[in-house]
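Annotation comment: Swiss-Prot describes 11-100 as domain '2Fe-2S ferredoxin-type'. Marked as [2Fe-2S] cluster binding site by Swiss-Prot: Cys61, Cys66, Cys69, Cys81. Annotation comment: Swiss-Prot describes 141-171 as domain '4Fe-4S ferredoxin-type'. The feature [4Fe-4S] cluster binding site is assigned by Swiss-Prot to Cys151, Cys154, Cys157, Cys218, with similarity to another entry given as support. The [3Fe-4S] cluster binding site annotation in Swiss-Prot covers Cys161, Cys208, Cys214. If you look up Swiss-Prot, you'll see Trp166 marked as ubiquinone binding site, on the strength of similarity to another entry.
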Amino acid sequence: MNTKKEKIMLFKVYRWNPDKKEKPHISTYSVDLNSCGPMVLDALIKIKNEQDSTLTFRRSCREGVCGSCAMNIDGTNTLACIKSIDTNKKEMKIYPLPHMHIIKDLVPDLSNFYAQYKSIEPWMKTTEKKLDKEFYQSRNDREKLDGLYECVLCACCSTSCPSYWWNSDKYLGPAVLLQAYRWIVDSRDQGTRERLQYLEDPFKLYRCHTILNCTKTCPKHLNPAQAIAKIKQNITLLT
């Protein structure tokens with residue numbers, strides 16, 4: 001017989017259903033942490049399975065590698081699957097990523113974000129028409145990609161950026177710019193000049209004011225602000 005005392009945590013979750021006339025509101029759920037996994041995503045899944053099947057959110061890998069479960073937890077953009085439940089608190093507040101159109105509950109519309117990602121042409125460019133060999137890199141060139149390729153496109157950084165809040169129709173944002181630099185610095189890519197010329201724009205790149213929210217919030221501990229600064233440096237070297 002389990003006589004362990006309940007350890008109740010309140011989860012206050014943003015709710016909005018476009019199919020109903022209700023305004024957005026907060027629903028509060030009680031969860032016994034003794035029968036719940038350690039991560040916020042565990043609590044959300046438990047709530048959906050046991051209390052409210054209408055609660056809607058994205059999730060997939062549960063390992064911090066897909067970026068699906070990005071949301072704002074206690075004021076910080078992060079991934080719910082790798083965000084530990086703070087057992088020192090009595091409640092946690094969960095909202096969708098800020099300044100985004102919401103599809104339902106904790107699900108933001110990422111259509112514009114993905115369109116911006118597509119615009120930087122995130123694939124290797126080569127001037128050779130026929131390839132019959134691999135593109136080799138030195139160890140040093142390969143190491144230049146560290147801190148870049150790990151980005152999971154969760155949009156936590158971009159949606160934490162005030163410049164992106166106000167100019168998301170023109171400013172590419174820290175996530176997409178970090179991805180752009182990932183290809184600019186890749187020694188195997190042959191489209192560097194073309195990429196830099198595309199980014200040399202007062203809005204696409206230069207809306208970054210080095211606020212550093214992006215670097216602070218990144219759940220993968222990457223540094224988008226540094227990548228953006230290096231893009232600017234590379235542009236100054238164009239002749």
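Each Cβ is built from the backbone N, Cα and C atoms, and glycine gets one as well.
Owing to the predicted nature of the structure, the values given are computational and were not obtained by experimental measurement.
Residue environment of Cys154 ([4Fe-4S] cluster binding site) contains 26 other Cβ atoms, counted within 10 Å of its Cβ in all protein chains.
Secondary structure by DSSP for the domain '2Fe-2S ferredoxin-type' (11-100): 14 helix, 28 strand, 48 coil. Taken residue by residue, the domain '4Fe-4S ferredoxin-type' (141-171) breaks down under DSSP into 12 helix, 0 strand, 19 coil. Put plainly, the binding-site residues Cys61, Cys157 were compared by Cβ crowding within 10 Å, and the winner is Cys157. In the predicted model, the domain '4Fe-4S ferredoxin-type' (141-171) shows an average pLDDT of 98. Distances between the Cα of Cys161 ([3Fe-4S] cluster binding site) and those of the binding-site residues Cys81, Cys151, Cys154, Cys218 are shortest for Cys218.
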